[in-house]
Amino acid sequence: MSEQKPNKKPEKKPDITFFHPDLLEAPADGRAPYLKGYRCKKCGQLDFPKLSPCPSCWGEEFEVVPLSRRGKLYSFSDNFIGQAGMKTPYSFGYIDLPENLRIFAQLEGAPGSFRCDDEVELTVGTVRDNRDGVPLISYKFRKI
């Protein structure tokens, strides 16, 4: 008689969330959330996200700099076929901030409504659902 093995479910890997405290600060006092830039204490280069060591001088000490909440849409793409957990259609874009940084982010609003050079502002919202259908919250930008 052959030995029967119990049906074992494969272990579920933990889901990856897009929210990370090194990227986004939501102040407890109710002030508006902001993205965190990192300025190298050695050479002054500002980056988002944090790049360690500093790509300019190899410095390893940084200060957190709150980034502007507003910027200009440099480029964007409307997506009609998405990855698992993302409701289609949706848009992504590159946003130029006054600090001379270019940020990649999901855009909040109807695809087809965006134009290059649109003024946009930081917001927080659902970027997708995890495998369990739980919304994952992170930063996005929307037209002003």
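Heads up, the Cβ atoms here are built off N, Cα and C, so glycines get one too.
Per Swiss-Prot, the features are as follows:
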type    : residues                   : note
BINDING : CYS40, CYS43, CYS54, CYS57 : Zn(2+) binding site
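A map of Swiss-Prot features onto the structure.
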| residue | record | CB count, 10 Å |
| --- | --- | --- |
| CYS40 | Zn(2+) binding site | 23 |
| CYS43 | Zn(2+) binding site | 12 |
| CYS54 | Zn(2+) binding site | 21 |
| CYS57 | Zn(2+) binding site | 13 |
Env. residues of Zn(2+) site, Cβ within 8 Å of mean position of CYS40, CYS43, CYS54, CYS57 Cβ: LYS41, LYS42, GLY44, GLN45, PRO53, PRO55, SER56, TRP58, GLY59
Helix, strand or coil at CYS43 (Zn(2+) binding site) [DSSP, three-state]: coil
DSSP-derived class (H/G/I helix, E/B strand, else coil) of CYS54 (Zn(2+) binding site): coil
